[in-house]
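Features of the protein shown, as given by TrEMBL:
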type	residues	note
BINDING	Gly74, Val77, Asn81, Asn339, Leu468, Ser472	Na(+) binding site
COMPBIAS	703-720	compositional bias 'Polar residues'
COMPBIAS	721-738	compositional bias 'Low complexity'
REGION	682-738	region 'Disordered'
TRANSMEM	68-86	transmembrane segment
TRANSMEM	98-119	transmembrane segment
TRANSMEM	146-168	transmembrane segment
TRANSMEM	228-246	transmembrane segment
TRANSMEM	253-272	transmembrane segment
TRANSMEM	300-321	transmembrane segment
TRANSMEM	333-354	transmembrane segment
TRANSMEM	456-482	transmembrane segment
TRANSMEM	494-513	transmembrane segment
TRANSMEM	525-546	transmembrane segment
TRANSMEM	567-592	transmembrane segment
TRANSMEM	612-637	transmembrane segment
Amino acid sequence: MPKNSKVTQREQSHEHVTESVADLLAHEEPLDYKNSSLNVGGAAGKKVPQIEVPENDGRPAWNSKLQYILAQVGFSVGLGNVWRFPYLCQKNGGGAYLVPYFILLIIIGIPLFFLELAVGQKIRRGSIGVWNYVCPRLGGIGMSSLMVCGFVGLYYNVIIGWSIFYFFQSFQYPLPWSDCPIRKNGTLAIVEPECDKSSATTYFWYRQTLNTTSTIAESGGLNVKMTLSLLVAWIIVCLAVIKGIASSGKVMYFSSLFPYVVLFCFLVRGLMLKGSVDGIAHMFTPKLEKMLEPQVWREAATQVFFALGLGFGGVIAFSSYNKIDNNCHFDAVLVSFINFFTSILATLVVFAVLGFKANIMNEKCVVENAEKILGYLNSNVLSHDLIPPHVNFSHLTTSDYAEMYGVIKTVKEDGFAQLGLEPCVLVDELNKAVQGTGLAFIAFTEAMTHFPASPFWSVMFFFMLINLGLGSMIGTMTGITTPVLDAYKVQKELFTVCCCIVAFFCGLLFVQRSGNYFVTMFDDYSAGLPLTVVVILENVSVAWIYGTKRFMQDLEDMLGFRPCIIYFYLWKYVSPLCLIVLISATVIEMAVSPPGYNAWVQELAQERFQSYPPWALAMCFALIIVAMLPLPVVFIARHFNLMSDGSNKLSVSYRKTMMKDMSNLEEQDEARFILGTKPGEAPIAPARRPYLTPGGNKPMDPNSLSPNSCYGTSYQNAAISPTTPSTPDTPVTPESDS
């Protein structure tokens with residue numbers, strides 16, 4: 001373009017610009033006209049140039065590929081890998097559960113993870129900007145992702161706070177949860193009744209840590225210890241994300257790698273414990289009949305879905321800081337399999353430790369019931385003839401007890417129930433399914449009290465939980481901050497600090513004495529259904545509205561190679577169908593299962609299921625509605641032109657790319673390129689460009705783009721004949737992939 005052209009003069013000028021070029025840049029989507037996937041022109045047979053994003057566009061970038069991979073691994077590998085996946089394995093057929101999980105990982109997990117990585121990397125914006133670009137009417141997808149991230153971040157950091165509290169409590173010997181407290185009443189010293197009825201670790205969790213109330217309706221006031229722990233957790237998160245990826249990327253080197261060190265140490269130590277092999281064998285003994293149950297497949301799909309962090313926006317945000325030619329397909333496969341093998345590793349560790357715990361508890365059961373039998377023998381309730389001659393009560397084995405128990409049960413058939421004897425079967429102890437906080441803060445802590453040097457292992461375990469939670473929180477916070485910082489000119493550090501302060505005060509809901517019940521409520525209702533809806537809309541907007549052929553061509557332009565054609569069918573047919581089934585199953589389960597929570601009843605010293613009161617039930621459904629509300633609101637507002645499509649929020653990189661593209665058109669008339677040769681005449685449309693289909697190249701219909709179509713751009717005239725005037729009211733015409 002000549003140096004004295006209007007565009008060049010205005011790019012270098014500081015004067016206020018009101019002519020067409022400035023108007024175009026202020027109202028158009030962030031799009032490179034020649035190189036965009038939306039350019040339906042181009043000479044047939046010519047190689048389409050790749051989008052070149054300026055290196056100095058001002059957007060932060062990862063220091064290295066390793067840093068980026070660790071960030072994605074840290075976000076996807078979280079507490080669910082440690083305390084959710086092992087529980088689902090135990091519940092759903094042991095080793096047989098791995099088959100549906102792996103199948104669904106291949107047909108749902110990796111394709112959708114690849115899709116999020118690709119759109120984030122291509123458009124180089126957060127979740128709100130990405131979906132405004134792909135389809136403005138579905139721009140509420142990004143806003144819903146942000147809402148869900150906010151809800152999850154509120155209660156997820158509370159769990160980190162609990163881990164911080166246990167971490168500092170672990171620097172004691174013996175561990176404070178190893179024995180029940182003694183209550184003194186004058187000269188008498190008795191064991192705390194609530195602890196005696198349950199266990200030392202259970203009592204420490206519910207009474208010393210949470211000091212929980214018996215119902216969700218009873219607030220009980222703030223728990224000072226948990227409030228301080230939550231404050232520390234938010235300070236750590238704030239320091240980790242305050243500089244964006246410049247700070248969080250460095251944190252990931254430690255927070256992503258340290259948990260693997262601890263897991264391997266626990267695995268080696270666990271395999272040396274008595275009974276660990278029993279736990280692992282029980283875990284991987286396949287119950288093949290379970291694979292035929294629909295519930296197993298539904299829970300496997302849900303676990304795949306949440307294990308990879310789909311729909312949160314963190315995956316998109318992290319990938320938006322990549323170079324445009326980064327091999328995101330390799331990243332998707334690598335991170336997905338790292339996540340899967342981490343779950344397997346965590347399951348081995350958990351069941352090695354739980355196998356040890358089961359043996360300890362089974363031996364304790366044998367000793368207690370043997371003492372009962374001796375009492376019955378001494379009081380002549382039972383005859384000595386019932387005891388096999390080889391049984392030695394001073395060295396009673398589990399097999400000897402099982403034989404003795406069987407004889408007594410057979411002889412005393414009528415009055416056996418009054419004896420109160422327990423079978424003490426190891427398998428029954430192993431079948432006690434424990435998940436979530438119960439696994440980490442009760443079952444695992446109880447097992448560690450029997451370890452030699454138990455404080456050391458406790459410190460390592462809870463430090464690992466802190467790091468696992470921190471990696472996920474960094475991704476969650478990035479899913480909140482990146483879209484906002486992309487859309488609005490706000491100071492990064494100030495905005496991050498304000499977010500953390502607001503989140504801390506909102507999180508006080510979870511650190512009152514009844515806060516544990518609200519954590520359960522948010523975990524059950526704030527993320528499950530809304531995230532599933534978000535992901536299926538992501539899938540549909542790319543595969544059916546933007547177009548799978550067009551997206552495949554974009555990937556080839558970005559990566560330099562054509563992805564496997566199987567992705568075409570997975571994105572277009574398989575994944576949407578699976579997600580629809582998952583949504584239907586989730587809604588049915590919510591309708592069938594009574595909404596409620598497990599409350600700790602102090603008098604009984606055990607949990608008891610309670611239904612939510614009406615106000616809490618309303619709160620549950622409000623969480624779902626609020627999380628999904630942006631979807632219909634944005635769609636309606638943009639359908640009736642009540643809201644901007646967000647295209648005026650151009651990033652610096654797109655502005656520079658557009659100016660660079662226009663400056664190369666030296667032999668074309670500037671006015672003709674922007675305004676047409678005459679007032680009201682459309683810009684010249686280049687020749688059509690072929691798009692990939694499963695069967696090969698097929699030219700796309702030049703009329704498939706309409707002015708209001710959901711392709712996130714206002715270059716509506718690019719695909720219209722030069723003599724055809726623009727028609728702003730043309731209806732949406734999605735691409736056909738047939």
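Each Cβ is built from the backbone N, Cα and C atoms, and glycine gets one as well.
Fair warning: this is a prediction, and the values are worked out from it, not measured in the lab.
Mapped onto this structure are the features recorded in TrEMBL.
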| residue | record | Cβ contacts under 8 Å, 6 or more apart |
| --- | --- | --- |
| Gly74 | Na(+) binding site | Met252, Ser255, Ser256, Leu470, Gly471, Ser472, Ile474, Gly475 |
| Val77 | Na(+) binding site | Ser256, Pro259, Ile338, Asn339, Thr342, Leu468, Gly471, Ser472 |
| Asn81 | Na(+) binding site | Ala307, Asn339, Thr342, Ser343, Ala346, Leu468 |
In the same chain, which residues outside the set Gly74, Val77, Asn81, Asn339, Leu468, Ser472 have their CB within 8 A of the centroid of the CB atoms that define the Na(+) site? Val73, Phe75, Ser76, Gly78, Leu79, Gly80, Ser256, Pro259, Thr342, Gly471
One finds that other Cβ atoms within 10 Å of the Cβ of Asn339 (Na(+) binding site) number exactly 25
Which residues, given as numbers and ranges, are at least 6 beyond the ends of the transmembrane segment (456-482) yet have a Cβ under 8 Å from it? 71, 73-79, 81-82, 125-127, 145-146, 149-150, 152-153, 156-157, 159-160, 163-164, 166-167, 170-171, 175, 236-237, 240-241, 244-245, 248, 251-252, 254-256, 258-259, 262-263, 265-266, 269, 309, 312-318, 320, 440, 444-445, 448, 492, 495-496, 499
Quick one: find which recorded stretch in 68-86, 146-168, 300-321, 567-592, 612-637 has the most Cβ pairs under 8 Å with the transmembrane segment (228-246). 146-168
What stretch of 300-321, 333-354, 494-513 shows the most Cβ pairs under 8 Å to the transmembrane segment (567-592)? 300-321
Relative to the transmembrane segment (68-86), which of 300-321, 333-354, 525-546 accounts for the most Cβ pairs at distances under 8 Å? 333-354
Does the transmembrane segment (333-354) reach the transmembrane segment (253-272) with at least 3 CB pairs under 8 A, where each pair is 6 or more residues apart? yes
Sequence-remote partners of the transmembrane segment (525-546) [C-beta within less than 8 Å, at least six residues beyond its ends]: 112, 115-116, 119, 131, 134-135, 138, 141, 144-145, 147-148, 151-152, 155, 302, 305-306, 310-312, 571-572, 575-576, 579-580, 582-583, 586-587, 590, 620-621, 623-624, 627-628, 631, 710-711, 734-735, 737
The transmembrane segment (253-272): which same-chain residues, six or more beyond its ends, come within Cβ distance under 8 Å? 67, 70-71, 73-74, 77, 240, 342, 345-346, 348-349, 352-353, 356, 451, 457, 460-461, 463-464, 467-468, 470-471, 474
